[in-house]
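Have a look at the structure below, then the notes.
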């Protein structure tokens, strides 16, 4: 009887060591459990499940997790991200790189946006990426250079300049400040031609 009792004790001890070793090799709650180039454990500790977010990232989420999903345009995944990986209704978690996924509305199609969104985008684009160099030339040897956000300008200015800069050329609601390189000269009476590229 002593032998059978000793055998059961050793067997129980061995099984508990094996299960502890297996559990310690699994990812903890909210830990990474999968993804391209991920070389860590792909199992999760008891009480959580490995949830796929995108090809680069899967995370151990508690089975009893009842927390809120990420709101529209919030982060919903990525390497070292420890937050909700689900998105509120009407949006989905879109992969934007290995470190960032974001909740994007399901019905957004970049090619068909509303007119107000289009004009907002156009306005932003005009101020940040449609920058061109404009040169004013005249028959006199001095020239004036400026940078403008107006895509193209063709106009004539025929007034005197006595300060170092002036505002002119209002086209489609945009105005630009042109800086003079020679402030002692006046504009010729025939005018300066302003062209933009």
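Cβ from N, Cα, C; glycine included.
Per Swiss-Prot, the features are as follows:
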SIGNAL    1-23  signal peptide
DOMAIN    25-61  domain 'CBM1 1'
DISULFID  33-50  disulfide bond
DISULFID  44-60  disulfide bond
DOMAIN    68-104  domain 'CBM1 2'
DISULFID  76-93  disulfide bond
DISULFID  87-103  disulfide bond
REGION    115-163  region 'Disordered'
CARBOHYD  182  N-linked glycosylation site
CARBOHYD  193  N-linked glycosylation site
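The distance from the Cα of residue 93 (disulfide bond) to the Cα of residue 50 (disulfide bond) comes to 16 Å. Residue 50 (disulfide bond) falls within a strand segment according to DSSP. Averaged across the domain 'CBM1 1' (25-61), the predicted model reaches a pLDDT of 89. Using a 10 Å Cα-Cα cut-off around residue 33 (disulfide bond), the disulfide-bonded residues 44, 60, 87, 103 reduce to 44, 60. Secondary structure at residue 33 (disulfide bond), taken from DSSP and collapsed to helix, strand or coil, is strand. Geometry remark: residue 60 (disulfide bond) versus residue 87 (disulfide bond), CA distance 17 Å. With the fewest other Cβ atoms inside 10 Å of its Cβ, the least crowded of the disulfide-bonded residues 33, 50, 103 in this structure is 50.
Mapped onto three states, the DSSP output places residue 76 (disulfide bond) in strand.
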